[in-house]
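Per TrEMBL, the features are:
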COMPBIAS  365-383  compositional bias 'Gly residues'
DOMAIN    30-234  domain 'Neurotransmitter-gated ion-channel ligand-binding'
DOMAIN    242-452  domain 'Neurotransmitter-gated ion-channel transmembrane'
REGION    364-384  region 'Disordered'
TRANSMEM  237-260  transmembrane segment
TRANSMEM  267-288  transmembrane segment
TRANSMEM  300-319  transmembrane segment
TRANSMEM  437-457  transmembrane segment
Amino acid sequence: LGRAPAAPRPLQPPLRVSPGCRGAQGRLAYKLLHDLFANYSSALRPVEDTDRALNVTLQVTLSQIIDMDERNQVLTSYLWVRQTWLDAHLTWDKDGYGGIDSIRIPSSYVWRPDIILYNNADEHFGGSMETNVVLRSDGHIMWDSPAITKSSCKVDVSYFPFDGQRCRLTFGSWTYNGNQIDLRNQLDTGDLTDFVENVEWEVLGMPATRNVITYGCCSEPYPDVTYTLLLRRRASFYIFNLLLPCIMVSFLAPLGFYLPADSGEKVSLGVTVLLALTVFQLLVAESMPPSESVPLIGKYYIATMTMITASTALTIFIMNVHHCGPGARPVPPWARRLILHHMARLCCVYEVGESCKSPQRVLGGRAGGGDAEGPGESPGEGQVGTEVRGCPWDHCLCHHDALLRNVGYIAGCFRRHRTNQRRTGEWKKVAKVMDRFFMWVFFLMVFLMSVLVLGNAA
């Protein structure tokens, strides 16, 4: 036993507004516009009492940082500027116009405050875009206009690329003083809710302050609202493209002391590193303003280039010491004691078969033992003399005196040759010890300069 199906309910027709009502609203809006601007002039300040100041409220929204030109000290930004004021001549009874509470009309129809950016750096000095204003029945006008502004900004690059900038955006009336327009900021900070992140700069804040300034030309006060844009540079790009290559190249400079003197590339390495740092220095100088303030990375480049210049000059001096010929003077006693004894042990410079822990030989000790032999004590001389004395005079193949002179001459040449070799070897060891000593000194200097740069950046 089933129930009979219920009869379907009739469909409700959709609610429609008759064309006559919409036409009436449109006619009322046209009538309202005609009545409001029948005897209205946009040239005069819209106040009932001309002795009273008109309150204008300003609010700035930062949408995007387009460019920061450090060399010309110009900040290009995209702003939304909202101005609100009360027009006493543009009020109406909304009940008399079909409940119309607000209308949107071109901004050129109404009086507008001449609020401009004081520190504008645009060559065309363009203002805000001609957008509509929202006019309410109580006379309040709200004007939202986007603007791409170029403002002058004092750039301090002392700590580039770890620097931060404070760029000010100062808004105020150009012709109305504080007795005619009282300019105030709506909030204590700029609006950053719709800000588009910049790849180079990080925005830390945008506080707003109201200032009242009396200029030298006029006795009346002029209020302005200043937004201070706090920026911090994202240094990752410059670290990987300018700082790290400089640090790596600067660590190559001390290795020039480690190269063998006979390779002929010690000076070439220093000059090549100096040219590479000069290229990096020019890249930094092209983007920085030509001011007396040298950036931090520029100071690091200059210090590194000075160090490399000194290392190249020392390399030339050490190579001159290394290539001292047989005609050079002997190593002085103080140099023998300081360089060949103490510094050699400190830098672990030793000959083949020696080590850093093995006792040093007394340099020149062999000279008294091996080189003090007289001509009569040369090897084989006693035997020759014995054979000569034992040999009958008539059976001797050579004259006794001539033989002694020849043997003495050969022994003297051999002795002088060994002395020259020992003297040349001592000067080469002096050069080698100085190479190792200056290598560690310059390594320490590069490390300390890198730590100082990073410490100042922090």
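Even glycines carry a Cβ here, placed using N, Cα and C.
Listed by sequence, the residues of this chain that lie at least six past the ends of the transmembrane segment (300-319) yet keep a Cβ under 8 A from its Cβ atoms are 243, 246, 250, 253-254, 256-257, 261, 266-267, 270-271, 273-274, 277-278, 280-281, 284, 294, 431, 434-435, 438, 442, 445-446, 449-450, 453.
Across all of the domain 'Neurotransmitter-gated ion-channel ligand-binding' (30-234), the predicted model scores a mean pLDDT of 90. Sequence-distant contacts of the transmembrane segment (437-457), counting only residues of its own chain at least 6 positions beyond either end whose CB sits under 8 Å from a CB of the stretch, comprise 159, 162, 235, 243, 247, 250-251, 253-255, 257-258, 296-297, 299-300, 303-304, 307, 311, 314, 318, 343, 346-347.
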